[in-house]
Amino acid sequence: MFVRSSWLLLWGTIVWASAEPVTLHIGGTFPMESGSGGWAGGEACLPAVEMALKDVNSRLDILPGYVLNMTNHNSQCQPGLAMQQLYDFLYKPPTKLMLLTGCSPVTTVIAEAAPVWKLVVLSYGGSSPALSNRNRFPTLFRTHPSANMQNPTRIHIMEKFKWKRFTILMSVEEVFVTTAKDLEAIARKKGIKVDRQSFYGDPTDAMKTLQRQDARIIVGLFYVTEARKVLCQAYHHGLYGRRYVWFFIGWYADTWYIPPPEEHLNCTAEQMTEAAEYHFTTESVMLSRDNIPAISEMTGMQFQQRLTQYFQKDTANVGGFPEAPLAYDAVWALALAFNCTRNNLPSHIRLENFTYDNKVIADTLFQCVKNTSFRGVSGKVMFSDSGDRIARTQIEQMQGGKYKIMGYYDTTSGDLEWYNKEQWLNGKGPPPDSTVIKKHAMTVSNEFYYPTILFAVLGIAACVFIYLFTQKHHERLIIFQSQPECNNILLIGCSLCLFSLFLIGLPSDDISISESLFPLLCHARVTILLFGFTFAYGSMFAKVWIVHRMGATENQQLASRQKDEEENTPWEGIRTLISTMVGRQALMRKSSGQAYGALLEKRNTVLNQPISSSKFYVIVAALTAVDVFVCFVWVLIDPLHLTEQKFPLFTPADSEEDEMIMPVLQQCQSNQQEVWIGIIMGFKCLLLVFGTFLSYETRNLKLRFINDSRFVGLAIYNVAVMTLVTAPVVTLLIHGKVDANFAFISLTVLICTYISVGLIYGPKIRHIIKVPPSADEIQLNGNVGPGVMSKVDQKRYDMLKKENETLQIQIEEKERKIHECKERLEELTKNSETEDMNAQLLCENDKQIADENLTYSTATTLTTTIPLIDLQNGNHPGQIYENDNDDDGSSTSSDEILL
């Protein structure tokens, strides 16, 4: 049975061969010159198609009894001309079963109209991605892969060389516009930034734009005529060389960059060659390079050698030579589809019966083309559902004026086969995708940071030393009467302020802070400096506030006491004492007790009373609570975060020209930064001004248990002036100058802390070192005695003491005279009564003289002298007062006065 069937098939073939073959007509358009379309592909593709027709017609196993014949026209890649040629194909006999088209513009207009006449269109040169639209082109198939198939290859190359930005330069033809849109969409999905520039005819303006945009990686989408114009302008604008990488379409001729004389480009061949060096091309594989024969029984290389014989010039200058294998395989695909259709048609329908309204033959032919699969000279030929050719992409680079294959990309698998043979003009690897902009964090220079940190460490160490020193000598009167607990808060605050300089100076030249830790650094800066200021200044403010309040209380008590003294003044008793000294000792003792009681009351005022430490703690705690509340609300609703303030770029002196430095200032910022700064600074400024006012008001007040109030006031003056001057300067004038900003802040903190600690603790340390503990006025039982007098009080005391000594001498002289008078009175009593009367009169006169001399010790003098003598001798007033209640009759009048 098998032998019989074979003989029947052979007999049928012989019969068909012996009979006159039936001619099947096809129409073809070929762009024989570039024209305005820019691709003269017909120059090589037409000979390739003719070669394929000859080979197909010579095969007895394909379309037996039929021969293929083609009617062709030169479309010049002009859509309008192509429409006229389509009209000729349709309305001039014979009937065409299928159409072959070349460039994309021509394919677009023919394939869009062909379904009306039930024609299948097979394109050997249409690469426009728009042609993949099945709704618009339902009967189109292409042996030329879509231009979109090269886009994944381009993206893989970008990723391989770590380029995150490139620019598309395209002509405005639809094929390139759609390719650019697809490439941009893929790039954005990969996180690659894409810029686009288009031109029509003259690319000069577009090249200037590329230069302004600092484009470095440029993908060109245009026909070869525009490609030469672009390359010439790239040379004139300097957009070539080691800093630039160009991607061109791979189906140009190998010497496409050499300008033909008729184009009159303003570039020589040498200039164009220089500009074209090291560019890349991507193109679908159009020629099989293996040794496996195709359906035509030729390998790809054999086909290329055979086609070369058709030309009398270098094939590099032949338009469409790379696409010729696609045109050759298109004829074979067409022939196989006809053969398939012949075998699948009903017996009563034959191929030669095709008309433009024959749907049966058209549908059968469409399905046969769609299912076509064979090995051609361009590789495996098959079509996708959209009619596109499925093929690998080849990447080449021009090196030394010749193209070298760099690798292949398989679209179906997504694998990039790379040979690592790429070369670069600079010899240092691929150039960057743009001018390398290196961010340079504007940090505090080491020349400022480390000396400041040194002084801060010394200040903290000094605070620790002073604390230990005062703890060791806490029993000394000068320490005990200065509120040491409040002063310890000052030391803590100063230490926190000094420690904050470590954080304010970060990041420095040698110390960097990660972005994740920067918000924590921001909050630490604010809180530590804020609490340090509150502790340090708040402790001093608490002192001047309490001094002011106690001074006000003392003034009220003094006013009340003066009112009482006006009604019953003790000086009347003193005058009575002086006037009745002789012979009236009980009365004199009573009057002296009344006078000293008034002096004792004047001495035990509010200013000399002990002060509880809790009063200072309450004030500092209240100020701290305000800061805690503000910071908590700030962090909760509007936290600080890292922001970068960018400054103008500059080119470093010792770097490559494609590298620039962008200074960046890292700042702590919140959404309502000005509001929070205003709240904090407003409160602190009011506190500073009020503290300065209180210091001025209490400048003359001396409290025994705040013995350093005068130095506290001076420290407040210093802090207020430095802070009120520095804050506006730092906030408004030098906010963006890192070193100046840090210098102002650090100097303010250092000066305020050093001067405050020095003013408050310097005199104490000096006193403790120079004055031994035995000289302190501290009683053995631990009760505190009188305070140390100031220089003014000491001078006043010396004057009153000298006056008192003078008065004491005068009193002694008068007492001596009184004693003499008494003796004379006794003698005269013995002689006679008359003499007694005379002596009595004489004594009365002397007594009168004594009364007049004793008035030199005025009430004011005695009022001041008695307490000052008591202060100088260290006597407790209670001891003297107890002696006043003693009825010892042996005391003389001088003893009573000199208490």
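Glycine is treated like the rest: Cβ placed from N, Cα and C.
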> Looking at Swiss-Prot, is HIS474 on the same side of the membrane as VAL109?
Replying inline: no
>> By the record in Swiss-Prot, which of ASN371, ASN853 is the one labelled N-linked glycosylation site?
In response: ASN371
> Based on the annotations in Swiss-Prot, which residue of ASN353, ASN707 is described as N-linked glycosylation site?
Replying inline: ASN353
>> Looking at ASN339, ASN804, which residue has the N-linked glycosylation site feature per Swiss-Prot?
In response: ASN339
> So how many other Cβ atoms are close to ASN69 (N-linked glycosylation site), meaning within 10 Å of its Cβ?
Replying inline: 13
> Could you give the Cα-Cα distance between ASN353 (N-linked glycosylation site) and ASN69 (N-linked glycosylation site), in whole Å?
Replying inline: 16
> Between the glycosylation sites ASN69, ASN339, ASN371, which lies closest to ASN266 (N-linked glycosylation site), Cα to Cα?
Replying inline: ASN69
> Per the definition of 3+ C-beta pairs under 8 A with sequence separation of 6 or more, do the transmembrane segment (675-695) and the transmembrane segment (448-468) touch?
Replying inline: no
> In this structure, which of the glycosylation sites ASN339, ASN353 has the fewest other Cβ atoms within 10 Å of its Cβ?
Replying inline: ASN353
> With DSSP helix as H/G/I and strand as E/B, how many residues of the topological domain 'Extracellular' (638-674) fall in helix, strand and coil?
Replying inline: 2 helix, 18 strand, 17 coil
>> Which residues of the chain, 6 or more past the ends of the topological domain 'Extracellular' (509-525), have a CB below 8 A from one of its CBs?
In response: 441, 443-446, 449, 500, 503, 631, 635, 639-642, 666, 668
> How big is the Cα-to-Cα gap, in Å, between ASN339 (N-linked glycosylation site) and ASN371 (N-linked glycosylation site)?
Replying inline: 12
